[in-house]
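The S-adenosyl-L-methionine binding site annotation in TrEMBL covers Asn28, Leu30, Gly55, Glu76, Asp101, Asn125. Under the heading domain 'Ribosomal RNA adenine methylase transferase N-terminal', TrEMBL lists 35-210.
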Amino acid sequence: MKRLVNPSVTREVVDRFSFHFKKQLGQNFLIDANILNKIVEAAELSEADGALEIGPGIGTLTQALAEQAGVVVAVEKDDRLIPILSETLSDCANVTIRHADVLDTDLHALFEEKFSGRRVSVVANLPYYVTTPIVMKLLEEGLPLRSIVVMVQKEVAERMAASPGGKDYGALTIAVQYYTEPQIVCKVPKTAFMPQPNVESIVIRLKLRESPAVSVQDEELFFKVVKASFAQRRKTILNNLQHGFSLPSGKEAMLEILQRADIDPTRRGETLSLDEYARLADEFALKR
Ligand code: SAM
């Protein structure tokens, strides 16, 4: 099969199967070979590795992954793409196509079945309408992942890689940086896709950490504190926490927790570092 990463080949396949792009499934297929190479290079795959692709489309990125990784599994939600993938990837013996919604997929079982013993990277041009739930699922399920190399909407990449103090820094930043070290790979113009999306894109590499960036007594509580702190961005950390947690002795108890964590109660959630959130969560843990 010819390389799909090219406007005329992609158009030919799409037309031959009378395929119509569905905006609600985030279907913007990659047609830029230079960007495709950058994605694959960032994943640093070898024959010993596994690659999980989410949303293979007509198989453009999958073709390249099949050449680099030992085993490739691609999960595609749209049933209309399954017969197309059977044809475009018919030469790729190491590729398995799974027709499923990745959010409903038991990834532990899939990893056990297809990748057992291999290091796995997720490599994908993600459907933008579900980027955050997909990335959170990959991070929270404790899968044996080495890295996640994904194309996402520019603003989402900026949130993932943000530093404290700016408008991009939020609950997503903290979750991503707790589990991974993010690194922007490249910016991607709209013209790299068919059809062109309304937004600019970025390829980002999330390298999984050996252990989380900060150690906390209670991980669930840590994320609850983070979520509550960003509930209303304009409010102070004190107000947000009071709203999110109702402690028996109210404001006094909250002020004491903040003081013990050495955090000024008039600060806003977006100014706290991961270390400060960890300290704060551990003070909450003591109060329970
Ligand atoms: N990888 C292809 C490429 O780069 O040309 C297609 C990328 S396109 C941005 C996103 C793909 O994700 C589409 O094929 C879409 O049908 C698929 N998709 C959307 N939602 C999905 C979900 N929940 N689970 C799995 N695949 C999904």
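Cβ coordinates come from backbone N, Cα and C, glycine included.
Known features from TrEMBL, placed on the structure.
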residue: Asn28; record: S-adenosyl-L-methionine binding site; CB count, 10 Å: 23
residue: Leu30; record: S-adenosyl-L-methionine binding site; CB count, 10 Å: 23
residue: Gly55; record: S-adenosyl-L-methionine binding site; CB count, 10 Å: 22
residue: Glu76; record: S-adenosyl-L-methionine binding site; CB count, 10 Å: 25
residue: Asp101; record: S-adenosyl-L-methionine binding site; CB count, 10 Å: 12
residue: Asn125; record: S-adenosyl-L-methionine binding site; CB count, 10 Å: 27
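Summarising model confidence by region, the domain 'Ribosomal RNA adenine methylase transferase N-terminal' (35-210) averages a pLDDT of 97. Maximum C-alpha to C-alpha distance over the listed S-adenosyl-L-methionine-binding residues Asn28, Leu30, Gly55, Glu76, Asp101, Asn125 is 20 Å.
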